[in-house]
Amino acid sequence: MSNKLKSAEVIHKYIKAFRCPHCESPFEVVDLKSLMCRNNHTFDLAKQGYVNLMSRPTKSHYHKELFEARKKIMMESDLYTLLHENLAKAIKEYSEHSHSPLFIFDAGCGEGSHLQKILDQCSEIPLQGIGLDISKDGIVMAAKNYKEPIWLVGDLAKSPIADQSIHVILNILSPSNYKEFKRILVSNGLVIKVVPGPNYLIELREALFGDTKKGMAKNEETEELFKKHFDLKDVISLSYTKELTPIEFKNLVQMSPLSWNLTKSDMDVLLKRDCSEITIDLKILIGRNH
Ligand SMILES: C[S@@+](CC[C@H](N)C(=O)[O-])C[C@H]1O[C@@H](n2cnc3c(N)ncnc32)[C@H](O)[C@@H]1O
Ligand SMILES: [Zn+2]
């Protein structure tokens with residue numbers, strides 16, 4: 001069965017969980033080829049099996065090479081293993097009190113490896129993953145590599161998800177829209193937001209800027225805002241340093257938005273540095289919808 005047909009069948013099965021991002025009316029699947037709403041807004045399934053729900057292409061700094069480097073780091077190194085273990089644990093604990101299948105929605109999923117890793121670790125629970133990102137390059141890659149989740153190109157601020165259809169939202173190092181998150185979550189649904197701590201990739205920031213504050217979000221404000229919208233259940237801090245091989249370090253540099261403005265020669269100098277240690281410093285905020 002083709003990827004397109006397989007996705008069309010899964011979307012058809014769970015069609016009530018989706019809605020048109022333009023007019024908010026329900027979708028139906030037409031001829032196992034497209035999604036169409038009551039007002040005839042129509043979105044075709046691509047051959048890789050994803051659906052693009054954006055009305056026009058958006059420019060994104062996140063491009064194919066960055067996502068390829070990101071996938072290599074996530075799938076071939078163990079840099080993010082502890083993160084995946086902690087996220088899977090939170091989902092498993094939540095699943096004990098909830099109905100199945102659980103809908104796990106990764107808002108700003110990039111190329112999809114985090115979602116796939118987490119689903120793999122929760123294989124004993126019935127789950128349906130849905131990954132959404134505004135970058136088409138990211139979603140094309142996700143759909144090519146990971147066949148089980150539903151992959152959507154869309155805007156998390158106007159998501160194509162029906163009210164109260166999602167049990168768990170994952171939001172990993174991506175922007176949030178709490179109003180939307182609350183709308184699509186079931187009551188008592190789980191929201192898991194991962195934010196960088198002050199030492200996240202600090203070696204890279206030191207090498208690039210000589211300034212470790214540059215490029216850092218204000219963590220306290222993020223946590224306060226999260227608490228305004230959700231019942232904060234847990235905050236987990238993960239901080240550790242790993243030794244990377246030169247190839248892993250190259251992938252890390254290429255996957256990071258921190259290196260966006262580097263010239264080719266700056267990049268070459270950076271890659272020749274003897275810097276193989278890297279710090280992961282992440283905060284996991286776990287909340288419940290009221
Ligand atoms: C730092 S990346 C993180 C990606 C992925 N969660 C990861 O950790 O590898 C931020 C992601 O948010 C996506 N993004 C930014 N604004 C968005 C929006 N309004 N709707 C959906 N995705 C968005 C970007 O395209 C990008 O893939
Ligand atoms: Zn519509």
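Cβ coordinates come from backbone N, Cα and C, glycine included.
Taken from TrEMBL, the feature domain '23S rRNA (guanine(745)-N(1))-methyltransferase N-terminal' applies to 18-54. Within the chain carrying the domain '23S rRNA (guanine(745)-N(1))-methyltransferase N-terminal' (18-54), a Cβ under 8 angstroms from the stretch's Cβ atoms is held by residues 2-9, 11-12, 134, 136, 139-140, 142-144, 147, 151-155, 158-163, 165, all 6 or more beyond its ends.
Annotation source TrEMBL lists Zn(2+) binding site at CYS37, HIS41. The DSSP secondary structure for HIS41 (Zn(2+) binding site) is coil.
Residues annotated as S-adenosyl-L-methionine binding site in TrEMBL: TYR80, GLU111, GLY112, TYR200. Counted within 10 Å of its Cβ, the other Cβ atoms near TYR80 (S-adenosyl-L-methionine binding site) come to 22, all protein chains included.
The domain 'Methyltransferase' annotation in TrEMBL covers 104-172. Averaged across the domain 'Methyltransferase' (104-172), the predicted model reaches a pLDDT of 97.
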DSSP-derived helix, strand and coil totals, residue by residue, for the domain 'Methyltransferase' (104-172): 22 helix, 23 strand, 24 coil
Sparsest-packed of the listed binding-site residues (HIS41, GLY112) - C-beta count within 10 angstroms: HIS41
Filtered binding-site residues, from CYS37, HIS41, TYR80, GLU111, GLY112, TYR200, whose Cβ is under 6 Å from an atom of ligand 2: CYS37, HIS41
Cβ neighbour count (within 10 Å, all chains shown) around CYS37 (Zn(2+) binding site): 20
